[in-house]
Amino acid sequence: MVTRLPRSADLARFCQKLNRVKTLEDDMMETSFNRCLTTVDLALLGIGAMVGSGLYVLTGTVAKETAGPAIVVSFIIAGIASLLAALCYAEFGAHVPKTGSAYMFTYVSVGEIWAFLIGWNVILEYMIGGAAVARAWSGYLDAIFDHRIKNFTETHVGSWHIPFLAHYPDFLAFGILLVATAFISFGARVSSWLNHVFSAISMGVILFILIMGFVLARPQNWGAAEGGFAPYGVSGIMAGSATCFYAFVGFDVIATCSEEARNPQRAIPRAIAISLSLATGAYILVSMVLTLMVPWHSLNPDSALADAFYQRGYSWAGFIVAAGSICAMNTVLLSNLFSLPRIVYAMAEDGLFFKVFSRVHPRTQVPVVAIVVFGVLMSLLALSLDLEALVQFLSIGTLLAYTFVAASVIILRFQRVKTEEASSASARSEASAPASTESIGATESKEYESFSDKLHLVGKEKSKNRREGGQMKAFFEPYLGFLADFDPGEVVTVAVIILMVSAICLSSILVFGQNQLHLPTWSYALLVLLFSLAFVFSVVLISVHQQQQSTQTFQLPLVPLTPALSIFINVYLMLKLNYMTWIRFSVWLLVGLLVYFGYGIWHSKENLREPTAHSVCARYVVFPSGSLEETVQAVQPSTQPSQGLEEMAGEEEAKR
């Protein structure tokens, strides 16, 4: 028996399945969730996700080992880089007020398989992140009590010496995650209130640190006697910026809450701007007072802030700092447990993940099954696994999501507006101008396979004066007329692919060119120049096309330059990660592809929306005169199509 090879048409249909985009509902404000969150609620959720244990640990580590007092500059650079990604999320969150964050944004603009892989990585990111914070919370609390909890567990339960498992079971981290899961399942209003309490305490402690820190500040700690302001030079500042960038991971929780915001069009951009501004200010000021209180080289990386007060003789302040640290970690835990089930719900609701996770509790209006199941899984991770080796995995998932969201902004901005109103307006304009249609071709009829897809082409001469999103700008047509023959958005899509490839190549040369590849100086400079020109070319090629003119929602400024820079920064930081992170990432992607091809592609709602093939297809003939209602007629395919057209033309003449 000979196996038939797949035809090119079959492969084309399969690729179309993989890249189909999500069809949004007419009323995107309709939801089974409870729209109860205000701008303040969303902003505090974002602050709680960003200002966590990093403020108490990361600042001391980067200041002592990477940048010195110039950590202040590192946080400024990292804040600007994070702003580029945050603005992309703000535009999408306002434009598509649906839960799912990066997964949803990718689904509505790039394609299904890419959206699934983004969602799949974000799920693992939140699970590892929440479990790691729970273990850090447990260790910090245990340190306050002189490690008595750890010693008791190792004595009465035992310790493990197995690869990938923790040294001992962390029952405290397991318990705090179960308690947090219970609170999250009570609904968005309860979760928000609890986050308000912990955020208020955390911000109060930060205010105390700043006031006391500036009172105890010694400007000579930035002087030459202590090594100067930038002891590690410019390279140390940039390396510190790459590390500090991850401190701002967490603002995407605001976009995840779009479906529970009262007025997402206004609340999402404002909450992202407020939370990112306050978080950046907190990191900059705290790192400033930390390096002014004590010399940067004397910091204790594990507990820099508490140790700084201890060195200055204010040991009692260490208890206040410890309380603030625990409250800050609580807010990070809540944001992880709040976001993760909603990503899972969005994927299950679209049919790409198991349907049971799309169930919403009728009273609390939250995806309770997803909350309980993934809350327990996160607790088990914190209980048993050694998460130190997996923590760097968080970075690659986050950066990949940022990259696809930035690309999605470009694609969505340069797409043709696909609305029923536009179609009906086009129909009305054609119906009211029969003379115009006659001028197109008095003796030639137009034949289309699909009326809905080709309706806008009737009266093409008139539509040339009205530029749609993705079309060539009129000013550039005399110079780039050959590009005007493509459908709106096609050239932009190709340009985005060129932009991504050039960003990857340029980043690879910058990261590996001199150290790993040992390229000669001339070839290194030549490759950097070539890929930089390709990157700039793609940005210019996108810029010569018309953007969507609308809008009533927030729009990212300086498109496509802003998202293009965000893509380059994210790709560069991803390539800076070690090879083991990429190996683990590849394994997780393979598991995700098995889930998608085994379940998601068959149960996708977009798969159910696809029309089934029929043995008899309808065609439409649009005659050059009369209104659309009178001249659009269905014709059955025949063996003599030209004869059928002549008969219809005769009937039309008789009717007139």
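Cβ coordinates are placed from backbone N, Cα and C, and glycine is handled just like the others.
All TrEMBL annotations are machine predictions without curation.
The following features are taken from TrEMBL:
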TRANSMEM  36-58  transmembrane segment
TRANSMEM  70-90  transmembrane segment
TRANSMEM  102-123  transmembrane segment
TRANSMEM  171-190  transmembrane segment
TRANSMEM  197-217  transmembrane segment
TRANSMEM  229-251  transmembrane segment
TRANSMEM  272-296  transmembrane segment
TRANSMEM  316-345  transmembrane segment
TRANSMEM  366-385  transmembrane segment
TRANSMEM  391-412  transmembrane segment
COMPBIAS  427-439  compositional bias 'Low complexity'
REGION    427-447  region 'Disordered'
TRANSMEM  491-512  transmembrane segment
TRANSMEM  524-544  transmembrane segment
DOMAIN    554-604  domain 'Cationic amino acid transporter C-terminal'
COMPBIAS  632-643  compositional bias 'Polar residues'
REGION    632-656  region 'Disordered'
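Sequence-distant residue pairs (6 or more apart) of the transmembrane segment (366-385) and the transmembrane segment (316-345) include at least 3 whose Cβ atoms are under 8 Å, placing the two stretches in contact.
Of the candidate ranges 70-90, 102-123, 171-190, 197-217, 229-251, 102-123 has the most C-beta pairs within less than 8 angstroms of the transmembrane segment (391-412). In terms of C-beta pairs under 8 Å, the stretch of 171-190, 197-217, 491-512 lying closest in packing to the transmembrane segment (316-345) is 197-217. Among residues of the same chain six or more beyond the transmembrane segment (171-190), those with a C-beta under 8 A of the stretch's C-beta atoms are 33-34, 36-37, 130-131, 134-135, 137-138, 141-142, 149, 153, 257, 260, 330, 333-334, 337-338, 341, 361, 364-366, 368, 371-372, 375-376, 378-380, 382-383. Break the domain 'Cationic amino acid transporter C-terminal' (554-604) down by DSSP state and the numbers are 40 helix, 0 strand, 11 coil. Stretch with the most C-beta contacts under 8 angstroms to the transmembrane segment (197-217), considering only 36-58, 229-251, 491-512: 36-58. The listed stretches are 70-90, 102-123, 229-251, 272-296; of these, 272-296 has the most Cβ pairs under 8 Å to the transmembrane segment (36-58).
Through the fold, the transmembrane segment (272-296) approaches residues 39, 42-47, 50-51, 54-55, 59-60, 62-64, 68-69, 71-72, 75-76, 79, 82-83, 86-87, 89-90, 93, 206, 209-210, 213-214, 216-219, 221-222, 226-227, 231, 244, 247-248, 251, 254-255, 304-305, 308-309, 311-312 of its own chain, all at least 6 residues removed from its boundaries and within a Cβ separation under 8 Å. Residues 59, 62-63, 101-102, 105, 229-232, 236-238, 240-245, 247-248, 251-252, 254-255, 268-269, 272-273, 276, 280, 283-284, 287-288, 291, 402, 405-406, 408-409, 554, 556-557, 562-563, 565-566, 569-570 of the same chain, all 6+ positions outside the transmembrane segment (70-90), place their C-beta atoms under 8 angstroms from a C-beta of that stretch.
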